[in-house]
Amino acid sequence: MPSRKFADGEVVMGRWPGSVLYYEVQVTRYDDVAHLYTVKYKDGTELALKESDIRSQSSFKHRKSQSSSSSPSRRSSSRSRSRSRSPGRPAKGRRRSASQSREHKDDKKKTIQETSLALPVLVWFKPSENNTKRYNGEPESTEKNATSCIILEQKLKPDLEIKHVLEQYSLRSRKDEKKKEDIYSEKKTFVAVKPIEKVPTKTKELEFGGRIGTFMLIFLLPATVFYLLLTCKQDDPSLLNFPPLPALESLWDGRVFGVFLLWFFLQAAFYFLPIGKVVEGLPLSSGRKLQYRINGFYAFILTAAVIGVLLYFQFELHYLYDHLMQFAVSAAAFSLALSIYLYIRSLKAPEEELAPGGNSGYFIYDFFTGHELNPRIGSFDLKYFCELRPGLIGWVVINLAMLLAEMKIHNLSVPSLSMILVNSFQLLYVVDALWNEEAVLTTMDITHDGFGFMLAFGDLVWVPFVYSLQAFYLVGHPTTITWPVAAAITVLNCIGYYIFRSANSQKNNFRRNPADPKLANLKFIPTATGKGLLVTGWWGFVRHPNYLGDIIMALAWSLPCGFNHILPYFYVIYFICLLVHREARDEHHCKQKYGLAWERYCQRVPYRIFPYIY
């Protein structure tokens, strides 16, 4: 196996594919299998290059110094031996005086300054009398009157301005003037450089403990959900009081599974309704943008109408409470079947449609994290649909079923104050997510993570059945709170919601239109990708203020359950662990994406989630 020539982090000169332009790049990693270097350009673009397309900076500097050190006497001697002309030299038979030549050079300098163009930095050299001159091992054209050049650096400008300058200061020999149009089209390939598709690379940095960790999580996540639900129904819902295992046949009910399927396809039908605007997502690696219909809030309104009709005809909604365990098993079975389907279809997906974080080549890891980024059946985007529809709206329906079950079991004419708070706080959270549905298109779940078991199980099982744990707990373990306590908890939830919503709004508005006059008071650090890192507002307070708001709200959702048991606070503990993991992943991703700009941001904003603590 050939040894690599350039080390990670080394700054070199990389040739732009399809051209002879060399740019300053930094080596980020090396693929031992494909023998390709992944390099990062100054504008943040990452490409995979062969070793033959990379040169050391010293070789460029050496060539430049050789060219600039040529003495006037040497150039004069060369001119005496040959009458070949440089691009700026007049035609034969019309010689200029030294003063005229200087004036002509001044005029050229003035014209270039007025056009305000950033032309390529050129290293000129006169070909030797030999037929071939080599630069770093590559032969250069050495026709008698040709002048060779090496383009080191170039900033792109509009085509018309480039054409104007090239016509005045031609880089071609006079004998090629007859081929002006053909050569100009070649010049345009050097100037109008367009991004090319990135070469897909395997996922090397594995999360969640790699293959062993993801294999265990496939069993641990369902077991955790079932354990929490069984414990919550006990008279003593202590985490140390392990619940007895139910009979296996009692966990499955065909009618319950049918109801779950009906619910899933009802939400899918609402997804296809031609209401709501259609927006484009972020560009994919191929440059293509997928379209999404934003109608989640309308689906929620229609679902509320359907539930209202069922209640009007005296449908017993607390049926969900009586069969909650069977519903969880049905949802888990469906999510597993969906994950298997997603992985099988991903094996035929094009390379550019695979998820950056789920292309490791290991079956278990890719099955868990998701192999395909945006699996679609026609226009039906499976990941985007499951992200907000069946699970998130189902969470509200389960909470409502718990409220009705509490009233029926305890013979209450109105729900308890604790149950009202839990339902109200979580309803606000869901409505906010559906109202701001478009914002989910910029999250890592959509842009980075594939759709596999992790998201399928999380969206369809974990969200509706774990997030509703407080309401489920209050049915069997009623807790009485006073109005002042309820008011204090409400204020806490409002503070968390305000931080969460205002922070996300600042970020989303800045991403859409950084030049918005409403954002004129916000300061940011520019990055090589063209984006900015906010250092004022909530994002100058901590690096992830939206996570801070999330944790405060999670605490407010649990406080109405009292302090008799830690079970209702499982959600808070889990949420903190989840957000700390996401924060660590975000930190790693941002450091790779923004480089030195992210380091400057971290110095400016030292606290990650909790101010003065973490």
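Every residue, even glycine, has its Cβ placed from backbone N, Cα and C.
What TrEMBL says about a protein is an automatic prediction, not a curated fact.
TrEMBL has this to say about the protein:
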type	residues	note
COMPBIAS	66-75	compositional bias 'Low complexity'
COMPBIAS	76-97	compositional bias 'Basic residues'
COMPBIAS	101-112	compositional bias 'Basic and acidic residues'
DOMAIN	4-62	domain 'Tudor'
REGION	53-112	region 'Disordered'
TRANSMEM	212-230	transmembrane segment
TRANSMEM	250-273	transmembrane segment
TRANSMEM	294-313	transmembrane segment
TRANSMEM	325-344	transmembrane segment
TRANSMEM	455-475	transmembrane segment
TRANSMEM	481-500	transmembrane segment
TRANSMEM	521-542	transmembrane segment
TRANSMEM	562-581	transmembrane segment
Any contact between the transmembrane segment (455-475) and the transmembrane segment (212-230)? By contact I mean 3+ C-beta pairs closer than 8 Å, pairs at least 6 apart along the chain.
yes
Which residues, given as numbers and ranges, are at least 6 beyond the ends of the transmembrane segment (521-542) yet have a Cβ under 8 Å from it?
41-44, 499, 502-503, 506-507, 510-511, 514, 548, 593-595, 597-598, 600-601, 604-605, 607-611
Between the transmembrane segment (325-344) and the transmembrane segment (212-230), are there three or more CB pairs that fall under 8 A, provided the residues in each pair are separated by 6 or more in sequence?
yes
How does the domain 'Tudor' (4-62) divide up by DSSP, counting helix, then strand, then coil residues?
9 helix, 27 strand, 23 coil
Looking at the domain 'Tudor' (4-62) alone, can you tell me the average pLDDT?
80
Folded-back contacts onto the transmembrane segment (250-273), same chain, C-beta under 8 angstroms, at least six residues removed:
293, 295, 298-299, 302-303, 306, 323, 325-327, 329-331, 333-334, 380, 385, 389-390, 393-394
In terms of Cβ proximity under 8 Å, which residues at least six beyond the ends of the transmembrane segment (325-344) contact it?
222, 225-226, 229-230, 246, 250-253, 256-257, 259-261, 264, 366-367, 370-372, 375, 382, 451-453, 456-457, 459-461, 464-465
